[in-house]
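Student: Let me give you the structure first, and then I'll get to my questions.
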Amino acid sequence: MIKKIAILTSGGDSPGMNNAIRAIIKTARLYDIETYLVYEGFLGLYNGWIKPSEGIDEDSYINKGGTFIFSARFVEFAQEKYRQVAKENLLKLGIEALVVIGGDGSYKGAQKLHEMGIKTIALPGTIDNDITSSDFTIGYDTALNTIVEAVDKIRDTASSHKRCIMVEVMGHGASDLALYSGMATGSEIIVSNDYKLSVEEMAKIVKKQFEKPNKRSVIITVSEFVFKDLQQVAKQIEELTNITTKAVVLAHIQRGGYPSARERINATILGKHAVLRLKQGQSGIALGLIKNQVAATPILEALAMPQTRKDLLERRTKSYNDINQA
C-alpha cells in the first residue's frame with residue numbers, strides 16, 4: 001500500500017491548482033498517507049526541494065490563485081540523467097508515488113517517471129483547455145471568467161468612444177478561450193486558430209456593424225498566435241473603415257485571480273481521485289472530467305490526442321459569429 005505521495009505543479013500556473021493540492025493532502029490524510037510538496041516543479045524534484053506537507057495550512061489557499069508550491073519550466077528534465085537524480089530524491093525519502101499537475105509538458109515528465117518505476121498520476125492544469133482527455137482543465141473556467149470580466153469593461157469604454165477593439169486571449173493553439181469568451185461577451189467577431197479571417201474580411205464586418213443605428217462598439221476576440229502583430233492589424237482595420245480601432249492583449253492576467261466555484265469543485269474532485277487511484281495501485285494515467293464523470297486515460301494516449309477539438313470549435317465559431325453579427 002502507498003505510504004507517501006509527493007505533489008508537484010509544473011509549467012504555466014493556473015487557478016485551481018491550490019484546490020487540487022489541498023484535496024490530495026486531505027484525502028491522503030484520511031487514509032494515513034503522508035504527503036510531500038515538491039517546490040518549483042520538476043526543477044525542484046531534481047534539486048531535492050521536497051518537504052513534508054505537515055504544518056502547512058492547506059485550507060488557507062482554497063481561495064488563492066497560482067500555486068503555493070510554485071512552478072517552473074525545466075527543459076533539462078527531458079534528459080534521463082536529470083530524471084534519474086529526481087527519482088533518487090524521491091526514493092531517498094521513501095516516496096513511492098507522485099501527482100503531477102500541469103499541461104502536456106508536465107504529462108511528458110510524468111510519463112517518463114512512470115516508466116522509471118515511480119507510480120504517477122497526471123492532472124490537467126492549464127488555462128488553455130488543450131488537454132483533450134478532459135472536457136475541462138484546471139484553470140480554464142477561471143480564465144474564461146477573467147476574460148469575460150475584462151471584455152465587459154473594455155466594451156464600456158469602447159461604447160463611450162464609438163470604437164472597435166481587438167482583444168487577444170491565450171489558448172496556446174486551442175480556441176476554447178476565444179470562442180467561449182466571445183460567445184459570453186457577444187463579440188461581433190471571433191477569430192481563432194480554428195477559424196481565421198483576413199484583415200479585409202474583418203474590416204468589412206466592422207464597417208457593416210457600425211452602419212447599424214446607434215451602434216457604439218465592436219469587439220473582435222482573437223486567439224493568440226493568429227496574428228504576429230495585433231497593433232498592426234488594428235491599424236489596418238482602422239485605415240480600411242475609418243473607425244478608431246485599438247488592440248488589447250490580456251496576457252498573464254488570465255492566469256491569475258481567485259478560482260471560480262466550478263474550478264474549485266473540479267480541482268477538488270480530481271485531487272481526491274488521484275489519491276484513490278494511487279491507493280488502488282494505478283499509475284501512468286491522466287485523470288480528467290468527461291461529461292461530469294472522472295475519466296482515466298493512459299498518459300501516453302492523452303498525449304497522442306489532438307490538442308484542440310478543431311471541427312467542433314470551427315463549426316461553433318462560424319455559427320456564433322453569424323449570430324453575434326445579426
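Quick reminder: no glycine exception, Cβ is built from N, Cα and C everywhere.
Keep in mind the model is a prediction, meaning the values are calculated, not measured.
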Student: Determine which of Gly12, Gly16, Gly48, Gly55 appears in Swiss-Prot for the same ATP site as Arg73, Phe74, Gly103, Asp104, Gly105, Ser106.
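Tutor: According to Swiss-Prot, the candidate sharing the ATP site with Arg73, Phe74, Gly103, Asp104, Gly105, Ser106 is Gly12.
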Student: Per Swiss-Prot, what member of Glu149, Glu188, Glu224 joins Thr126, Ile127, Asp128, Arg163, Met170, Gly171, His172, Lys246, His252, Ile253, Gln254, Arg255 in binding substrate at one site?
Tutor: Glu224
Student: Under a three-state reading of DSSP, tell me whether Gly186 (ADP binding site) is helix, strand or coil.
Tutor: coil
Student: Could you list the residues of the same chain, at least six apart in sequence, whose Cβ is under 8 A from the Cβ of Gly103 (ATP binding site)?
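Tutor: Sequence-distant Cβ neighbours: Ser10, Gly11, Gly12, Pro124, Gly125, Thr126, Asp128, Asp130, Ile131, Thr137.
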Student: Rounding to the nearest whole angstrom, report the longest C-alpha distance spanning Thr126, Ile127, Asp128, Arg163, Met170, Gly171, His172, Glu224, Lys246, His252, Ile253, Gln254, Arg255, listed for substrate.
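Tutor: Max span of the substrate binding residues, Cα based, is 32 Å.
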Student: Looking only at C-alpha atoms, tell me how far Gly105 (ATP binding site) is from Met170 (substrate binding site), rounded to the nearest Å.
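Tutor: About 17 Å separate the Cα atoms of these two residues.
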Student: Going by C-alpha distance, which of the binding-site residues Arg73, Asp104, Lys246, Ile253 is nearest to Gly186 (ADP binding site)?
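Tutor: Result: the closest of the binding-site residues to Gly186 (ADP binding site) is Lys246.
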Student: Taking the Cα atoms as reference points, how far is Ser106 (ATP binding site) from Lys215 (ADP binding site) in Å?
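Tutor: A Cα-Cα distance of 46 Å.
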Student: With an 8 Å cut-off on Cβ-Cβ distance and a minimum sequence separation of at least 6, pull the same-chain contacts of Asp104 (ATP binding site), or say none.
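Tutor: Expected: Asp130, Ile131, Leu303, Gln307.
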